[in-house]
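Visitor: Features from Swiss-Prot:
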TOPO_DOM  1-8  topological domain 'Cytoplasmic'
TRANSMEM  9-29  transmembrane segment
TOPO_DOM  30-451  topological domain 'Lumenal'
CARBOHYD  ASN38  N-linked glycosylation site
CARBOHYD  ASN147  N-linked glycosylation site
CARBOHYD  ASN229  N-linked glycosylation site
CARBOHYD  ASN266  N-linked glycosylation site
CARBOHYD  ASN307  N-linked glycosylation site
TRANSMEM  452-472  transmembrane segment
Amino acid sequence: MLRCAVKKFAYFATFLTIVANIYIYTYPSFHPEQCSWNCSNKNAPLQKDLTFVDKVKNYFSDVREQWHGSHASAGNDEDIHILAFGDPQIKGIWPKTPYVSRLDTYGNDYYLGHIYDMMQQRLKPQVVTVMGDLFSSQWIGDSEFHNRTKRYISRIFKRDPTSIENIKQQNLDEKGQYKANWPEWGDRFNEILDNVKENEADNQELSFGFGYENIHSWNPDLEDFLIINITGNHDVGYSGDATYQHMTRFHDLFGKDNYWIEYETNTTHPWRIVVLNDLLLEGPALQPEFVEATWIFLNQLNERKFNGSTVLLTHVPFYKREGLCVDGPDTRYYPDAHAPESYKSGLLRSQNHLSESVSNQVLNMIFENGKPGIILTGHDHEGCETVYNKKSTSTWEATKNIESDVFVKEITVKSMMGEFNGNTGLVTGHFNTDSMTWEWTFSLCPFAIQHVWWFAKVSLLVTIFTWSSLLFV
């Protein structure tokens, strides 16, 4: 009797396990339009217009294409393919963290890693970018920052952590843990900053080394794509919080926070990636020299008079009126009696958007040539799509639709966290040989709430255990 009941349960558990695991390993095929690179076939019927039978056929057809790797080669070979992930915000584990929370944090790393694995294997992007807020808090010690970086690199993005381990060995404290050498980094930073300011009139770029050209991978021996990590407020803080310690450890473990990479500059279709730490554009700032350095970066970028298209990657969205996105404009400052950090009184504490004046300045400097481009941001976990239309007064107005001959799209990439359904942003850049301009399209590929991933994994363990138990009943 017991054996019969266990066997029935084993069959039921097996069925659920198969269904759940098929879903988590083929979920992009349930949204083939959203989870594939944009291609030139504009006549294909939309998924929402198909019958149920046609949707099922599309699903199996897409699974077959994924199995054979057809999605990675979809479209024109000259197209640009970028995967964008919003605000993973991975949490930490502390000595008093309950075991259930430890397990949840451990599983969350692999939930996020599953999303990346599926999309990377399916689409083989040229660029992968994470839109800031890599971690859940900037108020963590250096050793914890290193620990989370190692988890982030190895568990989520399956990269070799050897380089950050080497950095740790070069910067050990008395307990053998990583400690950011911010006095040395700060001295070097200020030496460079002073040098740039002295030679500003001569436009010499001997210092921060903001510019690169035709970089397709930071480590070509290990990776055939470029990965870019943007600074978020939970990584380095807003300008009223950002310290030398914050900036040193980010530079140590992730690299520069401001730079550009130019591609195809001697062709008819040049384009570039601009990485901007827009957390350090406004103040009042705790370290005003950080803001000064960011504006030096923008001035040097503007002086290049680049004539191609721009992909701008940054964290905080540009100014827009209330109602266009979930997050409206909201800027806050530390009060005068902010204990125990009275030295922060009046400094910038948080902002949902850049201010209107700074937004106009930055957009005019980066998109001065009037060429089509695209902006990718994070910060607003719900995501948003807007268009910035340039007016005759050199101001930019955010709307939902194109209202000007000169415009740029801003995509706030919806968070990849489980509570927001584990999203991936897909950007396709296609050069139109008729208009001789780049065209940029975006789609959002959702996965599912993290409990679905957990169910698939737990159900597999339950199924194995149940079938094994039949040996003893």
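Heads up, the Cβ atoms here are built off N, Cα and C, so glycines get one too.
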Visitor: For the transmembrane segment (9-29), could you work out the same-chain residues 6 or more beyond its ends whose Cβ comes under 8 Å from its Cβ atoms?
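Guide: Same-chain residues near the transmembrane segment (9-29) but 6 or more away: 35-36, 59-60, 62-63, 66, 114, 118-119, 122, 445, 447-448, 452-453, 455-456, 459-460, 462-463, 466-467, 470.
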Visitor: Give the residue from the glycosylation sites ASN266, ASN307 that has the most other Cβ atoms within 10 Å of its Cβ, counting over every protein chain displayed.
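Guide: Max Cβ neighbours within 10 Å, all protein chains included: ASN307.
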Visitor: Let me know how many other Cβ atoms fall within 10 Å of the Cβ of ASN229 (N-linked glycosylation site).
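Guide: The answer is 24.
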Visitor: Using C-alpha atoms, which one of the glycosylation sites ASN38, ASN147, ASN229, ASN307 comes nearest to ASN266 (N-linked glycosylation site)?
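Guide: For ASN266 (N-linked glycosylation site), the closest Cα among ASN38, ASN147, ASN229, ASN307 is found at ASN307.
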Visitor: What are the non-local neighbours of ASN147 (N-linked glycosylation site), defined as same-chain residues 6+ apart in sequence with CB under 8 A from its CB?
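Guide: In sequence order, GLY92 meet the Cβ cut-off.
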Visitor: Under 8 Å between C-beta atoms and at least six residues away from its ends: which parts of the chain pack against the transmembrane segment (452-472)?
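Guide: Residues 3, 6-7, 9-10, 13-14, 16-17, 20-21, 23-24, 107, 111, 114, 418, 422.
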Visitor: Roughly how many Å lie between the Cα atoms of ASN307 (N-linked glycosylation site) and ASN38 (N-linked glycosylation site), rounded to a whole value?
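Guide: That separation, Cα to Cα, works out to 25 Å.
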Visitor: Enter the number of other CB atoms within 10 angstroms of the CB of ASN38 (N-linked glycosylation site).
Guide: 21
Visitor: Roughly how many Å separate the Cα of ASN229 (N-linked glycosylation site) from that of ASN38 (N-linked glycosylation site), to the nearest whole number?
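Guide: So the Cα of ASN38 (N-linked glycosylation site) lies 24 Å away from that of ASN229 (N-linked glycosylation site).
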Visitor: Can you give me the average pLDDT across the topological domain 'Lumenal' (30-451), rounded to a whole number?
Guide: 93
Visitor: Taking a Cβ cut-off under 8 Å, which residues six or more beyond the ends of the topological domain 'Cytoplasmic' (1-8) line up next to it in the same chain?
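Guide: Distant contacts of the topological domain 'Cytoplasmic' (1-8): 466, 469-470, 473.
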Visitor: Look up ASN229 (N-linked glycosylation site) in the DSSP assignment and reduce it to helix, strand or coil.
Guide: strand
Visitor: Across the topological domain 'Cytoplasmic' (1-8), what are the DSSP residue counts per state (helix, strand, coil)?
Guide: 7 helix, 0 strand, 1 coil
